[in-house]
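Reviewing the structure listed below.
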Amino acid sequence: MAFVRSLLGAKKILSRSTTAASAAPKGFLAVYVGESQKKRYLVPISYLNQPSFQALLSKSEEEFGFDHPMGGLTIPCPEDTFINVTSRFQR
Amino acid sequence: MSGSLMNLFSLCFKPFGHVCDNSEAGSGGGGGVSGGTGGEGKDGLLWFRDLGKYCGGDFSMAVIQANQVLEDQSQVESGNFGTFVGVYDGHGGPEAARYVCDHLFNHFREISAETQGVVTRETIERAFHATEEGFASIVSELWQEIPNLATVGTCCLVGVIYQNTLFVASLGDSRVVLGKKGNCGGLSAIQLSTEHNANNEDIRWELKDLHPDDPQIVVFRHGVWRVKGIIQVSRSIGDMYMKRPEFNKEPISQKFRIAEPMKRPLMSATPTILSHPLHPNDSFLIFASDGLWEHLTNEKAVEIVHNHPRAGSAKRLIKAALHEAARKREMRYSDLRKIDKKVRRHFHDDITVIVVFLNHDLISRGHINSTQDTTVSIRSALEH
């Protein structure tokens with residue numbers, strides 16, 4: 001996993017184990033990813049324009065409606081699915 | 001193509017509600033108020049009317065869109081009959097809210113004319129009933145062409161100021177809050193509307209009392225209580241799939257279907273109506289769809305209106321709500337503003353706000369104003 005993450009470019013996607021919600025830097029927002037255990041990622045706002053990212057949000061809409069139980073956007077898919085989708089945005 | 005279909009399409013293609021403001025600039029009273037109307041404008045997904053005049057004083061109005069198709073509608077109507085304020089928060093599509101905005105006030109005027117303009121609870125209740133029946137007949141006539149109209153509904157929040165009484169009628173979970181001056185100089189927030197949302201325990205009890213034979217009348221699903229596990233509000237105009245068995249069957253989507261035969265309507269279109277004698281300490285009213293109250297407390301909203309100039313009050317409340325929405329989603333407000341509609345719905349709902357300032361001199365002088373025949377008729381004007 002660490003090897004895969006380094007390929008993604010850590011500066012683009014930041015993963016934090018800390019549960020405390022810190023303010024996102026300008027141009028980024030928090031996304032909580034995972035089927036049961038949720039992991040926090042900071043992603044660029046521009047990802048919201050990507051159809052495949054919007055498809056992930058639609059999955060969230062099916063499960064949670066428009067409420068997001070973590071406060072930040074919550075996407076109930078496996079982490080590696082999320083990483084697969086978002087890695088394509090950076091090539 | 002049936003007439004009703006054309007009627008519905010004409011609703012959909014109406015680009016703007018009509019805006020007509022004949023109130024006289026500089027008319028007497030209203031100390032400290034500049035004459036005429038404050039700016040009306042648009043800024044991306046936001047529409048606003050910063051300050052307008054109605055027969056009882058000033059009002060401020062604003063709407064921000066989040067859904068792909070705006071589901072909120074609103075209006076302010078004022079004249080020698082009194083004042084009518086409406087906020088209609090639709091769900092499942094825009095048609096019901098548009099229909100209500102087109103018809104409810106007209107029914108109200110027709111029905112009050114039968115009693116020489118006198119307004120009572122019955123006037124308002126009958127206007128709601130006529131509007132519900134009108135929408136139901138459209139759903140029925142278009143069932144073959146557009147069956148999904150049966151799954152469209154709208155919350156309704158109406159305020160009527162008639163002489164020295166404020167009537168508040170509500171269906172669903174929009175809210176009106178009164179800012180009232182205290183004797184010690186402070187301002188308190190008094191909620192004047194009832195909210196028909198299954199997450200309120202008293203509403204769950206009401207539903208269980210009405211449906212004692214149905215253990216599944218309220219179901220906890222996706223983190224919230226819902227009527228039959230489907231919809232959070234228990235009262236609305238529309239939502240015929242929850243009121244008439246002939247509209248809860250194929251071809252509407254499975255997610256709206258109810259397994260057992262419907263013995264009685266599961267949702268109601270009968271509004272809760274409160275009448276509030278206006279008091280000189282009553283300062284202003286904040287009417288808003290639930291998209292605002294999801295992010296601001298009653299007290300915070302009242303404080304914002306009280307501590308800032310009147311012009312732009314409604315817009316300011318929306319901005320405060322968006323700041324709070326951005327904080328919850330762990331992002332910057334400036335970034336939230338850049339998000340387009342549809343995706344925007346994951347951050348906040350459509351929000352409508354109407355702030356009505358109460359000038360008691362003007363309100364009590366209503367009978368004198370009648371000779372001037374001033375009329376205000378304004379609807380929110382975001383493109384559909």
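Each residue, glycine too, has its Cβ placed from N, Cα and C.
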Additional site residue, B:Asp213, B:Asp214, B:Asp349, B:Asp361 [criterion: listed by Swiss-Prot with B:Asp89, B:Asp290 for Mn(2+) 2]: B:Asp349
C-alpha spacing of B:Asp89 (Mn(2+) 1 binding site) relative to B:Asp290 (Mn(2+) 2 binding site), in angstrom: 8
All-chain count of other Cβ atoms within 10 Å of B:Asp89 (Mn(2+) 1 binding site): 28
Cβ-based proximity (under 8 Å) of the binding-site residues B:Asp89, B:Gly90, B:Asp290 to chain A, or none: none
Within the predicted model, mean pLDDT of the domain 'PPM-type phosphatase' (B:58-358): 96
For B:Asp349 (Mn(2+) 2 binding site), the number of other Cβ atoms found within 10 Å of its own Cβ: 24
Residues close to Mn(2+) 2 site centre defined by B:Asp89, B:Asp290, B:Asp349, Cβ within 8 Å: B:Asp72, B:Cys155, B:Asp173, B:Ser174, B:Ser289, B:Gly291, B:Leu292, B:Glu294, B:Asp350, B:Ile351
C-alpha spacing of B:Asp349 (Mn(2+) 2 binding site) relative to B:Asp89 (Mn(2+) 1 binding site), in angstrom: 10
